[in-house]
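Annotated features, as they stand in TrEMBL:
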ACT_SITE  SER197  active site, nucleophile
BINDING   HIS34, HIS145, GLU381, TYR420  Zn(2+) binding site
DOMAIN    1-449  domain 'Neutral/alkaline non-lysosomal ceramidase N-terminal'
DOMAIN    453-595  domain 'Neutral/alkaline non-lysosomal ceramidase C-terminal'
Amino acid sequence: MGSDIITARVIDRLQELIPEEICTIENTSISGTHTHSGPAGFLQYILYQFTSLGWVEETASAFVEGIAQSIYRAYSNLQPASVYSNSGLLYGSNINRSPTSYLENPQEERDRYADQGDTDKEMLLLKLVADDGKELGMLNWFAVHGTSMNNTNVLISGDNKGYASYLAERYFNGPDVLAGKGDFVAAFASTNLGDVSPNTDGAKCTDTGLPCEPYTSTCHGNNMVCIASGPGKDMFESTEIIGKKQFDFALDLYKDATEKINGSISYRHSFIDMSNQEVTLGNGDTATTCDAALGYSFAAGTTDGPGSSTFQQGTTSGNPFWDWVKDFISEPTEEQIECQAPKPILLNTGDLTHPYLWDPVTVPISVFQIGKLFILNTPCEFTTMAGRRLREAVRNVLVDAGITDAMVTIAGLTNSYVHYVTTFEEYQAQRYEAASTLYGPHTLQAYIQNFERITRDLLRGESSVTNAAPSDLSDKQVSFLPPVILDRTELFQKFGGVRKQPKGQYSPGEEVKVSFNSANPRNNQRIEDTYLTIDRLGPDGKTWTTVFVDGDWNTKYVWELASESGVSYAHITWSIPEDQESGQYRVCHYGTRKLPFEEGEALLSYVVRLFSWNGASYAAASLFQLSSLFSFSSPDVATSSEYKEFMGCSKTFNIKNVDSASTSTSDWWAVSSFKASLWK
């Protein structure tokens, strides 16, 4: 998802890379695909940092540099081009995970969307073609969560949208171009996916196979055994199926995209204080938004990923114990309780400021115009009907201005993250999405009024009123994630050395598994590089050509911390495609190890630094690592530099009996990933 601190840092980095001030906070939209299988620690608010033990600079810096470099590369390749659009309805790729909440919306409103039902099925696609005919890329929006990989997964993955992008780029760039290196760029973006799941087999009780209780998503009172599943035999196949459906449909839309977008390009941006917005209701009355708060059902999680067994969805009243706990953390005022009703407040995050803000107060919104296309950049997850109401409201503003053929889409999770937005009616049911609607029952109306306002500003050529940007909390960030102290190997071993060699021969469809002596990947995020390669030996018997990297869907990279003294391993798996060319291959691993001393640093200075960074207890553990280093490690570890690159390759193995006459992008699959303990 988006992050206000990441967005700000990207803008700063682009000012270093690009001489002209092309990108500003007003005209930049950084939207997340919202995979639930990504590293954490890049959002500057406390609530989002529990799973990562606080702020993780390695994650944030990698995101900033990767995003900035991609924008810089686009800038460096500016050329005359045209944008074409197309849209259509894609069925069988999403379901509503809170269908009982959707039914709370008025019948006459639901009837208007009978062709799509309780989820948006429309995919809107843009096709980018240079004036010389070169195909440059595609961008599309389709509502589905990145939760095909369920919460048992411990690997980093782009999930179904990442897989769809992978297939598209491989199709247009060709199979010989490595992942992430081709000229054609395919973006499968998020939109109003708040209540939309890719797990199309639905929510069922894992112990009985029966459907879950629909209002609370429980099985005999237990939410932990109510799990939604995808269409595949496991989460990997489900990711492939939902991702390929999006790719196939996008490709069809792309091929038939002939409507050229012409007209002006413009934008408006505004920071708004979401805790204090006055809104006008349909009957003419006024109401206000509230200070941020999360309800009981937030802790229950969803059918895509259950939370705590103590809670269940649809909870509209508290219980004495958790009321006491929440009051101990921060007791909400009567005014706040009334404002958020019927949400029973579990976490009164808007009142929590220690050691820094728990949730955002000021949030960014913007509207981009490209001809008759209007993109609404929102920092949250709108539910299906909430998104429909927002698009309709903006479309009515455009119609009033004489633009009757406008295309309006929502770019979700953009530039920041502030949880969910439901309709007022859905809010009353207090399922997960409603409990996670931070600013109370009138949150949607506040967004609608502000988007109407900045859209009118854009059409009139007027500037938009804005609050100050949210504070940069970088200097307040805390982290309980210990730094990497050192990396070491076992006695007489070397970094990059192979612990487990491959077999001598494989057939297509088999898995190659190789293990190496390694180091903590946090030492080097290898931006635009790779932790592994699959290489094929050329016909000259000397030249190796890389055919797959860690960005491919058929490779897995798992890092294992084997001991607290700094010994670790890298386990690499390659699933051989059915059409893989016969020949000789090898698996290589690339890493960076950290040494105990910086250049010229004495042992005493190192000990002092340990204590000043981490306190006595962690320093003692680190000194144990240090003693282990000199007692057991190979002699080449202690050199003069702090970091040192290494690599290692397996022995050569053969792949035979492969029919390489046909190539299908649907056969390629990969998970470029780390074990979750990478960030521990």
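Glycine is treated like the rest: Cβ placed from N, Cα and C.
Just so you know, TrEMBL annotations are computer predictions that nobody has curated.
Structure coloured by features recorded in TrEMBL.
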{"residue": "HIS34", "record": "Zn(2+) binding site", "DSSP class": "coil"}
{"residue": "HIS145", "record": "Zn(2+) binding site", "DSSP class": "coil"}
{"residue": "SER197", "record": "active site, nucleophile", "DSSP class": "strand"}
{"residue": "GLU381", "record": "Zn(2+) binding site", "DSSP class": "strand"}
{"residue": "TYR420", "record": "Zn(2+) binding site", "DSSP class": "strand"}
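A separation of roughly 5 Å, to the nearest angstrom, links the Cα atoms of SER197 (active site, nucleophile) and HIS145 (Zn(2+) binding site). Cβ atoms within 8 Å of the centroid of the Cβ atoms of HIS34, HIS145, GLU381, TYR420 (the Zn(2+) site) belong to the same-chain residues MET1, SER190, LEU193, GLY194, VAL196, GLY412, LEU413, site residues excluded. By a simple count of nearby Cβ atoms, those within 10 Å, the most crowded of the binding-site residues HIS34, HIS145 is HIS145. The Cβ of SER197 (active site, nucleophile) has 24 other Cβ atoms within 10 Å, all protein chains considered.
Around TYR420 (Zn(2+) binding site), the C-beta neighbours below 8 angstroms that are at least 6 residues distant in the chain are GLY194, CYS380, GLU381, PHE382, THR383, TYR432, GLU433, ALA434, SER436, THR437, LEU438. Helix, strand and coil counts from DSSP across the domain 'Neutral/alkaline non-lysosomal ceramidase C-terminal' (453-595) read 14 helix, 56 strand, 73 coil. For the domain 'Neutral/alkaline non-lysosomal ceramidase C-terminal' (453-595), the model's average pLDDT works out to 96.
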